[in-house]
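Taking it in order: structure first as structure tokens, then the write-up.
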Protein chains: 2
Amino acid sequence: MPEYLPTAPYRGTRDFLPAEMSVRSQVFGTLYEVLERHGFLRYDGPLLEPAEIYEAKSGEEIANQQLYTLTDRGGRRLALRPEMTPTVARIIAGNAGSLQFPVRWYSHPNCHRYERPQRGRVREHWQVNADIFGSDSANCEIEIFELIHGMLTALGASEDMFLVRANDRQLLTAALTGVVGVTGEQLGPVFSLVDRWEKYEAERLAADAAEIGLSDKQFARLGEVLGAGPALLDELPSEVKQASHLVRVLESGSAGLVRFDPLIVRGLAYYTSTVFEVFDTSPENNRALFGGGRYSDLAGLFTAQQIPGIGFGMGDVTLMDFLATHDLTPRPRSEVDVVAIPVTEDLYDAARTVVTRLRAAGLRASVPLELRKLGKELSRADRAGARAVVIVGQEEWDEGNVTVRGLATREQRQVAMDSAPAAVAELLSD
Amino acid sequence: MPEYLPTAPYRGTRDFLPAEMSVRSQVFGTLYEVLERHGFLRYDGPLLEPAEIYEAKSGEEIANQQLYTLTDRGGRRLALRPEMTPTVARIIAGNAGSLQFPVRWYSHPNCHRYERPQRGRVREHWQVNADIFGSDSANCEIEIFELIHGMLTALGASEDMFLVRANDRQLLTAALTGVVGVTGEQLGPVFSLVDRWEKYEAERLAADAAEIGLSDKQFARLGEVLGAGPALLDELPSEVKQASHLVRVLESGSAGLVRFDPLIVRGLAYYTSTVFEVFDTSPENNRALFGGGRYSDLAGLFTAQQIPGIGFGMGDVTLMDFLATHDLTPRPRSEVDVVAIPVTEDLYDAARTVVTRLRAAGLRASVPLELRKLGKELSRADRAGARAVVIVGQEEWDEGNVTVRGLATREQRQVAMDSAPAAVAELLSD
């Protein structure tokens with residue numbers, strides 16, 4: 001039996017120490033800012049939800065295998081939310097009477113799934129969710145694609161670093177039935193085959209297709225359809241295209257934001273037309289970063305009111321991998337801007353007076369908690385990323401002065417206590 | 001059986017719609033800023049922790065009654081964190097080798113306790129935690145009290161709206177044994193009696209004191225001691241006072257931040273000397289807002305290394321009540337600064353070009369998702385809190401112009417598209 005409890009976090013969860021947390025705060029702070037510039041409003045909801053809101057709608061895998069559940073003392077079966085959509089559906093349904101639709105909403109919850117930990121898969125992850133609820137206009141699609149570009153470019157990405165691949169399940173259905181000759185019964189299995197298309201070898205795909213009942217010729221034709229890219233549109237009847245939001249996007253001035261790709265279907269059951277995935281274009285990290293889509297009836301579990309919507313959930317793990325791959329990870333912020341160092345114990349009150357002034361000027365400032373030799377304290381301040389110190393000595397203080405010193409330049413000068421914030425700010429702006 | 005699932009959140013948890021979330025973001029954003037100006041660094045940790053880290057140390061009530069627990073498929077017993085201290089103790093212990101102590105850390109986790117919902121008590125609450133780890137200097141106490149004042153005044157509170165009442169368990173022990181004549185055996189029960197002192201009637205307190213074995217005279221003396229306030233210090237031996245951090249604070253230039261009060265003991269077991277509670281001074285909300293204290297051995301469950309610390313956890317419910325009581329709750333931010341309105345469907349691309357410019361200038365800008373009559377759209381923009389609109393009409397657009405209109409003034413003028421962001425910014429700054 002170990003004498004002490006282990007210090008590692010529970011498997012698949014993470015501790016964020018200040019340096020990493022500083023990076024995350026910068027990244028997510030940038031995303032919040034972009035979201036709000038695009039008119040999206042933040043909301044939040046409970047971590048615990050009644051288990052049935054997941055069991056009724058989510059994919060089987062999540063409900064049965066991946067959900068963390070518990071029963072409270074009142075016998076209520078609860079789940080740790082694995083995703084935000086059921087929560088926001090519940091909130092929207094409960095407040096539909098007072099909301100002015102359409103609404104643009106975002107959130108940043110931690111979500112839990114019981115997964116085998118591996119690259120890009122954790123048991124607790126943080127997910128930025130952005131959705132437009134209550135509109136069935138193709139303008140929503142355009143805004144969502146604009147938002148994705150706005151978010152990634154604000155993080156420093158250039159347009160060639162990522163690709164938004166989009167499809168419309170209605171278009172794909174028309175191609176599968178009209179061009180490949182897939183029957184209504186075969187549609188579901190073929191969709192799921194398309195979802196595996198890029199992950200599996202050709203032989204296995206052919207075997208799966210045969211099992212569904214596709215002929216060799218149909219399988220070949222399916223390959224042509226899926227590989228056709230935007231050219232597939234030319235083969236589809238115009239009444240199908242006229243009904244498609246994605247086609248409207250491709251005909252608008254925003255067409256450049258997205259690439260039509262018949263291969264994108266998305267596993268989740270609730271998407272009804274537009275679906276999309278954002279891919280990293282780097283050969284080192286060639287994978288889907290996140291995705292989303294349109295649903296025609298968000299809150300059907302909770303209300304008769306049919307509320308359409310479109311949105312996406314961007315997980316923190318793949319986002320951070322993307323930034324690292326492209327060398328876009330911001331550096332941790334320094335711990336503090338300036339340290340005010342009292343030379344003796346008696347000067348602590350004086351140093352605190354200085355620090356109060358520095359903070360009032362918007363600077364991040366601290367006093368050492370324990371008195372050390374000046375040289376040691378200068379090294380500590382340097383390691384904390386401070387670029388200046390204010391040294392408070394008895395004789396200067398008696399005259400109303402302090403010494404301001406740049407840590408890089410090692411230049412120092414005496415200034416009146418009242419001028420210390422300005423003198424420090426000047427050093428920091430160099 | 002209901003046809004639809006209920007839309008209310010799980011009992012004791014809350015949905016935060018955008019207006020309320022905007023208020024919260026402003027409040028907590030202000031607190032983060034103050035914390036960072038004081039040199040505190042943000043960290044975070046998992047929501048799920050091994051259950052034993054709470055069962056070993058927390059008060060009995062939390063471990064047995066209030067903890068949400070579950071068992072994962074690997075048989076691991078887990079708990080939803082009811083507080084942050086065990087998590088941060090684990091993290092600090094696991095990283096002690098690479099940290100340069102002392103450290104100032106803060107976090108803002110959601111914590112779960114299974115409580116009967118009532119005013120100020122919820123099952124999921126958000127708690128700002130701030131601690132200094134690794135120093136046994138009275139400067140830590142001073143910094144924590146400075147921080148509390150900095151946080152509350154940054155939210156608009158004046159110094160007369162709250163009172164930090166502080167005690168030192170060592171001083172109280174000296175007074176109880178030396179002045180009241182409490183025996184070592186009686187100390188525990190008397191501490192717990194002191195904790196109830198302000199909540200119960202005199203008769204019940206007297207009965208409880210008698211049960212502990214205090215004489216009537218001792219009970220009367222206890223009342224004098226607890227009611228003495230700062231004057232109690234004069235009755236205590238100087239060697240006891242010399243060892244007290246709190247006495248050091250009261251002798252420093254920061255004495256005004258805190259009031260010595262023998263009545264403050266705090267229930268939690270791990271505090272060893274300084275304890276404090278922050279009270280609302282309003283007669284309408286005369287209660288403790290939050291509190292904290294010093295512990296001599298933070299991470300004893302995880303490591304042999306003795307790490308002292310001091311800190312507090314500020315819950316969102318009582319904080320919001322405090323702000324409401326003193327009329328300090330910030331107003332929700334407007335949803336958007338400016339709306340660009342295309343007059344026809346054909347002008348959507350144009351309107352989006354305008355919006356992109358407005359956003360690049362730092363404005364929160366949107367385009368209506370669905371085309372409506374101009375009058376309706378102006379009302380919508382007004383309700384969303386926008387103070388300006390940019391109207392995109394065909395003739396102006398063909399000449400490179402748009403119409404900028406103030407929603408309050410109803411004044412409008414044509415400007416070149418390139419000048420629209422500046423014209424809007426001017427309207428907003430009025």
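Every residue, even glycine, has its Cβ placed from backbone N, Cα and C.
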Record-annotated L-histidine site (TrEMBL): member among B:ARG113, B:ARG116, B:ARG248, B:ARG287 besides B:GLU83, B:MET84, B:THR85, B:GLN127, B:ASP131, B:ARG266, B:TYR270, B:TYR271: B:ARG113
Average model confidence [pLDDT] within the domain 'Aminoacyl-transfer RNA synthetases class-II family profile' (B:11-330): 94
Cβ neighbours of B:ARG266 (L-histidine binding site) where a neighbour is any other Cβ within 10 Å: 19
Count of other CB atoms lying within 10 Å of the CB belonging to B:GLU83 (L-histidine binding site): 18
Cβ-Cβ neighbours of B:GLN127 (L-histidine binding site) (radius 10 Å): 20
Largest tally of Cβ atoms lying within 10 Å of a Cβ, found at which of the binding-site residues B:THR85, B:TYR271: B:THR85
